[in-house]
Amino acid sequence: MIAALALSFAVIFVAELGDKSQLMAMTFALRYRWWVVLTAILTATTLVHAASVFFGHFLGLSIPTDLLAIVGGLAMIVFGLWTVRGDELDDDESSKAGRIGGSVFLAVMSAFLLAELGDKTMLATITLAADHDWLGVWIGSTIGMVAADALAIVVGRVLGRHLPERTIALGAAVLFFAFGIWLIVDGLIGASALVTAATLVAVVLIVAVGVWWIVATNRRRSRLRLSRAESMGATGMAGPTAGGVATSEKNDQGATPPTPQTELPIDRSGMVG
């Protein structure tokens, strides 16, 4: 078991370096809390590699992954559009801020589940499980992948401290779009014309709806900012007026008593003390 664990750790860690999953981990770390991202990655990796070990060791089978790759690519495009839209909260959305961590966890976990199905690390785990101790392969492959993605998260957090938030958002969106195209192209290799056409239609629909969503959101936020600015301006105008009324009423009641002056002590010689 120890030998299988060590071998699986080394193989998966090296295979994950520079892989799209590691780049995804860095991208998510630019936008969200590192511990939420890492926990989601750990959960997704545990599930995917458990399935890989099951297929490789107990069934000795592989699963078709073209459709899963296409679905994962479409999900990446959705994440890219969501990132361009931004996560700014208005007054109504602020009350829901406590639930953001859970939604991010589910989003990251789903993204990694879809991205890892059919990825080379999954195929490597299936291959290792076919000839080695299944428990050692499961533990070693899971730790190896999480360690590689944790390294990417550290890099993402360091970059996040030195880059403007909007730059990070746009960069993350570009990476998500790139991941989506990458997965879709992988899934369409050798696919039928019907599958290719359906995928292209789905991409066009997702992009069209996403652009409309972004434009509508920006317009709503612009109106909200304008309304807040007008409200603050009205409050600023009312403040001095109210103060002036209070002052005039006070003056009508009588003059303000003069401020008492402090007398300087004078000694007997007439010199100021």
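Residue numbers in this text run from 1 along the chain shown.
Cβ from N, Cα, C; glycine included.
Here TrEMBL flags 34-55 (among others) as transmembrane segment.
Among the features that TrEMBL reports, transmembrane segment is placed at 67-84 (among others).
Residues or ranges marked as transmembrane segment in TrEMBL: 135-155 (among others). Sequence-distant contacts of the transmembrane segment (135-155), counting only residues of its own chain at least 6 positions beyond either end whose CB sits under 8 Å from a CB of the stretch, comprise 1-13, 16-17, 19, 21-23, 25-26, 28-29, 34, 37-38, 41-42, 45-46, 49-50, 52-53, 56-57, 121, 124-125, 128-129.
The feature transmembrane segment is assigned by TrEMBL to 167-185 (among others).
Annotated transmembrane segment per TrEMBL: 191-215 (among others), in sequence order.
For 235-273, the entry in TrEMBL reads region 'Disordered'.
Annotation source TrEMBL lists compositional bias 'Low complexity' at 235-247.
Long-range contacts of the transmembrane segment (191-215) within the same chain, counting only residues at least 6 positions beyond its ends with a Cβ under 8 Å from a Cβ of the stretch, are 66-67, 70, 74, 77-78, 81-82, 84-85, 184.
Cβ atoms under 8 Å from those of the transmembrane segment (34-55) belong to residues 25, 28, 61-63, 101, 104-110, 112-113, 116-117, 122, 125-126, 129, 134, 137-138, 141-142, 145-146, 149-150, 153, 156-157 of the same chain, restricted to positions at least 6 beyond its ends. Sequence-distant neighbours of the transmembrane segment (167-185) (same chain, 6+ residues past either end, Cβ-Cβ under 8 Å): 20, 23-24, 27, 30-31, 69-70, 72-77, 79-81, 83-84, 86, 115, 159-160, 199, 203.
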